[in-house]
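Remarks on the structure that follows.
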Amino acid sequence: MESSKEENAPILDRASRATRGKRMTKLLDDELEEDELFWNQEALKDEENDVEYEEEGEAVDVFDSDFDEDESVPDEEGENEPVDRTQKKKRLIYPGKPSAKKKKKMKNLTKSGKEPQENEEALDPSTPSEHHDTHDDTEAERTLRKSTRTAVVVKQAEREAIRAAMQATAKPVKRKKEGEEKKMTQEEMLLEAAQTEVMNLRNLERVLAREEEISTTAPPYAQKAVCAVTGLPARYRDPKTGLPYATKEAFKVIRERLAEQSSRAREEMRMDELSQAISGQGFTSKRKRSTIRNSRKTSCPRVFARIRKFPADYDTISEDSE
C-alpha cells in the first residue's frame, strides 16, 4: 500500500520518513471495521434469517359436506378474531461503541403430547445449519456493500468525466474588457457630434442666464478696509476720525496726527486775529467778520472794542498839548 501511494503521489521536496502513512492506513482500517460492525448487526438483518421468529403457514380451509350452516357461524367468528403478535424490537449498535454479547434465547416449541428430551433432539440438528446460513448471509452482505461502493465510485468518476467533456466542448463566452467600446462608423460619429453640439449650446445658454440673474440680484461685494498707516487689512476703526487701523501703534500715530492738525488750526486762527488787530485798515469802515473756525475761542468784537478806545484817547491828549 505504501509503495503504491508513494508512486502515485507527486514528487515533493520533503525528507523521507519511515513512519509515513501509517496513521492514515490505521484510520482507514478502523473505519472499515466499524462500518462492518454496524452493517453486520442482528437488528439490520432480514426477518428471514431471524431464529426467534418463525412465520406460521396459513391453514387451508376444508369444508365437509355434512357441516351445517349454524355450526359454521361460530367458526367464522373465531377465524376473524385478530391474532396479537408482538414483534420484539432489536437494538442498533452504532459504530465506535463496543458490541454487547447477545444472549441466545431458546424458543419453547414444546407441544402438549411431547417430552422435553424430544424437543432438544429436534433442535440440536437444526442449529449448525442455521449458523451456516447466517455466515453465508454476512459474506453476501459484505460483497454487496463492496460492490455498491465500487459502483458509486464508478458513477462519480463518470459524472466528472462527462462534466469535464461538457466544459471542454462548450463555447467560451466572450466577455467585454473594461474600456473596450464598439467601433462606430463615420456617419454615426458625425451624428453623435451634432447632437452633443446642440446639447452643449443649450447648457451654455442656461448657465449664462443663471449668471446674469445672480449678478443682478446679488448685493455688491464689500471692500475690505485697509489701515491708513500700515496698509494692512484693518480690524478696527477710530471713533473720532473714522479712519481704520490694524495695530496699536497705528492708532497712536492717527491720534498724534489729529493733535497736530488741531494745534495748527489754532495757531492759524491766532495769527489771523493778530494780523487783523495790528492793521488799522477798516476800523471805522464796516467790513465782514472773519469766519471763526473754533467755537470755543472768545468772540472778536470785544477785542476790537478795546482797540478802538486807544486811538480816541491819543487824539484827545494831542489836542490838549497843543
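Just so it is clear, glycine is given a Cβ too, placed from its N, Cα and C backbone atoms.
Heads up, TrEMBL stuff is auto-annotated, nobody curated it.
As annotated by TrEMBL, coiled coil applies to 177-211.
Among the features that TrEMBL reports, compositional bias 'Acidic residues' is placed at 45-81.
Under the heading compositional bias 'Basic residues', TrEMBL lists 99-108 (among others).
Sequence annotations record features per position, and here TrEMBL assigns compositional bias 'Basic and acidic residues' to 129-144 (among others).
The compositional bias 'Basic and acidic residues' annotation in TrEMBL covers 261-273 (among others).
Here TrEMBL flags 285-296 (among others) as compositional bias 'Basic residues'.
On the 0 to 100 pLDDT scale, the domain 'Vps72/YL1 C-terminal' (225-254) averages 89 in this prediction. Taken from TrEMBL, the feature domain 'Vps72/YL1 C-terminal' covers 225-254.
Positions annotated as region 'Disordered' by TrEMBL: 1-22 (among others).
According to TrEMBL, the feature region 'Disordered' maps to 41-152 (among others).
Among the features that TrEMBL reports, region 'Disordered' is placed at 261-297 (among others).
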- Note on the structure: Using DSSP three-state counts, the residues of the domain 'Vps72/YL1 C-terminal' (225-254) come to 7 helix, 6 strand, 17 coil
- Query: According to DSSP, how is the compositional bias 'Basic and acidic residues' (261-273) divided among helix, strand and coil residues?
  - Reply: 13 helix, 0 strand, 0 coil
